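These notes are about the structure you will find just below.
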Amino acid sequence: MGTKKEGCCNLQVLKIISEGYPYWKRFLKLETEKGKQAIVIAGMGFFTDAYDLFCISLVTKLLGRIYYTVGDRPGSLPPNVAAAVNGVALVGTLVGQLFFGWLGDKMGRKRVYGMTLMIMVIFSICSGLSFGHEPRFVIATLCFCRFWLGFGIGGDYPLSATIMSEYANKKTRGAFIAAVFAMQGFGILAGGMVAIIVSSAFKAKFNSPDFVTIGAASTVPQADYVWRIILMFGAIPAALTYYWRMKMPETARYTALVAKNAKQAAADMSRVLQVEIHEEQEKVEQITMEEKNSFGLFSKKFLHRHGLHLLGTTSTWFLLDIAFYSQNLFQKDIFSAVGWIPPAATMNAIEEVYRIARAQTLIALCSTVPGYWFTVAFIDRVGRFKIQLMGFLFMTIFMFGLAFPYHHWTLKENRIGFIIMYALTFFFANFGPNSTTFVVPAEIFPARLRSTCHGISAAAGKAGAIVGAFGFLYAAQSQDKTKTDHGYPPGIGVKNSLIMLGCINLAGALMTFLVPESNGKSLEEMSGENEEDDAVVPSSDSRTVPV
């Protein structure tokens, strides 16, 4: 059997994945074909995630008109109801990230992957259904279904990232993972387009005068179908992907290093690479049972080796999502400033859905989607650290640039500049930490803890999203109680909120220094698994454990 180092030299499945050696020409060709397929399969989950999470903002105004119109102005959701409708899916996502992240390391990525998608399909459909017609029953049903929808969405984060990182070659791993995440941009775009199509169709068939003219009758009874169709549509892309997701094999890294099944890992890799690869079960078990490769999440060994890394990934994702999800604070100002959304009373209910959807689609098309794909293009050239640091710093600059001369931007002649500054802020969020915080946790932790640690990092992000979406929604209210949104108490104002967000982005830039650069390195190099053997040149034999 030879020495340990000689034995490890012959164990190469994961070395082949990381470097494509010694079948690199064939591997790179196959990697492109299989990689594109894997990106689509995993990415459609994120397409659905984004659609389901963000489409609710397109219909909340409509829900207010249908169920809460009283008196002489269009109805709106009370603050507590709005918080529940918008936030319950984020809470479910946080719980799902923790649970399915842990389960993915215990049961395997593939087995859990299908569960999350099926939950998303079921509760996307159920979100459009309700028990009864009274507001409390409709909202209660909607919140229940959206919590469980978020629960399924949460599982997609750690599993998709982990699967893509374990499938990919180290030269293109960043782009592969980022491309999966970038499908979020298309999901947001699709949400707006579906809402535009549905609202246009209903408006053409069931048009009515505006609220000023006929009051509550401007909301036709058929409008109740609009929000249900928009929410239920999210089940379609998820259902179409389910069969192909179930056909994906378990990753060789999980099979070999966690499940300790060298024979199955060799068979899976032989099928992918179309070469014969031999397993060495004894050596798999020997390597995985070594103390340095068997410590747990709550051990001193993990704390010493990866404690700061986990602190870095959780804190940067938490801080990023506070700023990223706070964008809703400014959308109403921007949309009103350019005339995209006139006063609610001058429209009927379905027209308002159309206007909101059109505005959000334009923002996604001009700012959100390009930022994601800039990351895909440059992440394996520039590196994760530089992109994340650059993104946080530019977000800080633009937030402060909006905050300190805030009165200047509110003047009519300066509104175009305000829109440009706003768009650039979130362009650099996506061409920056919004993408890299998803990529890095899937690369730097050991295989047996990879999904769990990614889930913890993602859950920290969703905690930040809850703070950003709702804490700052209250904080950004005017200090003058006569100018606050209906039902909200006075806050610190938009200007002070922007200053706080700029400071949060700066803190994110500082915490980025805790996150290691993983560009061009194998997962085993980053996680420290078999670290003393990294420098050994592989032999021509093909085996199932990384060098």
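Using N, Cα and C of the backbone, Cβ positions are placed for all residues, glycine too.
Worth saying up front: this structure is predicted, and the values here are computed from it rather than measured.
The domain 'Major facilitator superfamily (MFS) profile' feature in TrEMBL is assigned to 38-520.
Marked as transmembrane segment by TrEMBL: 38-60 (among others).
Positions annotated as transmembrane segment by TrEMBL: 80-100 (among others).
Residues or ranges marked as transmembrane segment in TrEMBL: 112-131 (among others).
Look at TrEMBL and you will find 137-154 (among others) tagged as transmembrane segment. Residues 48-49, 52-53, 56, 63, 67, 81, 84-85, 88-100, 115-120, 122-124, 126-127, 129-131, 455, 458-459, 462 of the same chain lie 6 or more positions beyond the ends of the transmembrane segment (137-154) yet place their CB under 8 Å from a CB of it.
What TrEMBL lists as transmembrane segment is 175-202 (among others).
What TrEMBL records for 225-244 (among others) is transmembrane segment.
Proximity of distant same-chain residues to the transmembrane segment (362-379), defined by a Cβ-Cβ separation under 8 Å and at least 6 residues beyond the stretch ends, is recorded for 174-175, 178-179, 181-182, 184-186, 188-189, 192, 331, 334, 340, 387, 423-424, 426-432, 434-436, 439, 519. Residues or ranges marked as transmembrane segment by TrEMBL: 362-379 (among others).
The transmembrane segment feature in TrEMBL is assigned to 385-404 (among others).
As annotated by TrEMBL, transmembrane segment applies to 416-435 (among others).
What TrEMBL lists as transmembrane segment is 455-476 (among others). Beyond the ends of the transmembrane segment (455-476), by six or more residues, the same chain brings 83, 86-87, 90-91, 93-95, 97-102, 104, 154, 157-158, 310, 313-315, 317-326, 328-329, 437-438, 441, 488-489, 491-494, 496-497, 500-501 to within a C-beta distance below 8 angstroms of the stretch.
Here the transmembrane segment (497-516) has Cβ contacts under 8 Å with residues 308-309, 311-313, 315-316, 319-320, 322-323, 326, 329, 384-385, 388-389, 392-393, 395-396, 399-400, 402-404, 406, 433, 440, 444, 472, 475-476, 491, 526 of the same chain, all six or more residues outside its ends. Marked as transmembrane segment by TrEMBL: 497-516 (among others).
Annotation comment: TrEMBL describes 522-547 as region 'Disordered'.
Here TrEMBL flags 526-535 as compositional bias 'Acidic residues'.
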* **Leading contact stretch, 112-131, 175-202, 225-244, 416-435 vs the transmembrane segment (385-404) - CB distance under 8 Å** => 416-435
* **Close approaches to the transmembrane segment (112-131) from elsewhere in its chain (Cβ under 8 angstroms; 6 or more beyond its ends)** => 45, 48-49, 52, 96, 100, 103-104, 137-138, 140-142, 145-146, 148-149, 151-156, 159-160, 163, 227-229, 231-235, 238-239, 241-242, 245-246, 248
* **Considering the transmembrane segment (225-244), which listed stretch of 38-60, 80-100, 175-202 counts the most C-beta pairs under 8 Å** => 38-60
* Take the transmembrane segment (175-202) and find every residue of the same chain, 6 or more past its ends, with a Cβ under 8 Å from one of its Cβ atoms. => 35, 38-39, 42-44, 46-51, 54-55, 58-59, 160-161, 164-165, 167-168, 222-223, 225-226, 229-230, 233, 350-351, 353-354, 356-358, 360-361, 364-365, 368-369, 371-373, 375-377, 379-380, 430, 435, 438-439, 442-443
* Asked: Over the domain 'Major facilitator superfamily (MFS) profile' (38-520), what is the model's mean pLDDT?
  -> 86
